[in-house]
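Novice: Take this structure, written in structure tokens, and hold onto it; I'll ask about it next.
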Ligand SMILES: Nc1ncnc2c1ncn2[C@@H]1O[C@H](COP(=O)(O)OP(=O)(O)O)[C@@H](O)[C@H]1O
Ligand SMILES: [Mg+2]
């Protein structure tokens, strides 16, 4: 009786996806807001791209990463929300009482969260293309943007799952995600680094990992295959994932260990 | 094949949070095919015990073997052989009853085809076939309980653990759950460990009962043994006020030493072998003392009486309720 790890993960991820689809209000607002960013900022701010620092780049391509990253953070938050819901309605305990591997019980909601943000990112990219997006690196570049979004989302999913398992409280999990929302705006959100005037925002943008994600995506979208520009974001993702996944694993261990 | 036995020795659990000792040196053994009940009031330690023996939380001390596996060192092995319905149901409200059951089957290693079959079998057993494709978030309390019970049966467990499975249910749902459990135990030979606050439930279903109070087992036996333990009859008296009851208590202690009794405010219960014969003595004694109870009855004890007597005694030991 019982399954291997892979089948456990498969079965439990499928169920998390189904649960997510059954409550569309858990992801539709996030998707709408992210698309809204794209439409409003592009039509409202695209004049800035006439400035010389933009080098004639298309503002749509510049602002697209903001929309993608905000969708990713919201989508990743869904992983924590899912876990908290399971704990609250007793389903988490029911799973713990089965022979299912403990890892799969925690990974199910995280994988569903990743899938959710993967689909969201594709939808946003489609909207962007409909708005006239041009990508310097073509289709492969779009894939890189997708992977960066998923990677950054995974870091957040680890964080939100960790908070969920630690607090077992829906509000705390939600608030934990919201705290990081401002990170999107304390960065090179609307203008390139050279155009940021206030010095504190420059400092914030430098230490904010989101800046490097934006930079990676913009490099791919606007500048082409430039190794260092792209690598910065990947490094930021790896560091963030290492931290948050460790945090999630430790909280998970505590939550499923029988203290 | 492993045996559906439960073996618990010197089990204790201290919750660091709140510094509560929820379970105090509890030992018991349940044989294969036995229907065993833990009877106790709220906060007695029933759920804590269930969570320990089902691998959910770890004990502070003691040994626990379930289905011949050590709960501490081989929790996965234990989980394969047991079905557990905790006090709170464990259901994902966004799935339908059928989806919940199918998922549970898949987790236990069934193929899709086997899972389909087992799911429809179990839906039939708990009479949820018609509601099977509705989202279980919309089920009534009784339907949830029945679905929860079906979920615990997926793997045809050797041992079933049920933590207050009928609390809060209406009589008809309670009766139908009693029926499944009785059948499961008698026909399939499933070992059942049930906790309850209802004496009637333990009396109807269980082969053997342990009464648990404040983390300790205070009595164990078959329903008949427990009843015999407190004498064949109860002489139940109710006085006009507490003062009278106290006087009667004093008179009885003095004139009939060794008589087993429990006093609760204006009520005085005597536990005796031959009720009708002793009744005359008691009435004469009370008359001498100018005491007249408002009511006096001779009853055969129910589990209710045992429960009241035993919990009153353990409260007295702790100095909770005064005794004269
Ligand atoms: N997780 C916990 N942390 C701290 N105290 C607990 C916890 N669970 C139960 N308790 C305490 O342990 C005692 C026994 O509780 P429980 O086993 O739930 O009793 P029952 O199921 O018989 O009502 C109670 O005093 C309860 O408050
Ligand atoms: Mg309980």
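Glycine is no exception: its Cβ is also placed from the backbone N, Cα and C atoms.
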Novice: Tell me which range among A:203-226, A:227-250 TrEMBL lists as transmembrane segment.
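Specialist: Here TrEMBL associates transmembrane segment with the stretch A:227-250.
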Novice: Taking residues 6+ outside the transmembrane segment (A:172-193), which of them lie with a CB under 8 Å of any CB in it?
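Specialist: Apart from its flanks, the transmembrane segment (A:172-193) reaches 41, 45, 48, 53-54, 62-63, 66, 69-70, 73-74, 76-77, 80-81, 83-84, 156, 159-160, 163-164, 201-202, 204-205, 208-211, 214-215.
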Novice: So which residues does the transmembrane segment (A:61-84) touch in its own chain, when a touch means Cβ under 8 Å and the partner is 6 or more beyond its ends?
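Specialist: Contacts of the transmembrane segment (A:61-84) (Cβ under 8 Å, skipping residues fewer than 6 from its ends): 16, 19-20, 26-27, 30-31, 33-35, 37-38, 41-42, 45, 49, 54, 92, 106, 109-110, 112-114, 116-117, 120-121, 124-125, 128, 133-135, 145, 149-150, 152-157, 159-165, 167-170, 173-174, 176-177, 180-181, 184, 189-190, 192, 210, 213-214, 217-218, 221-222.
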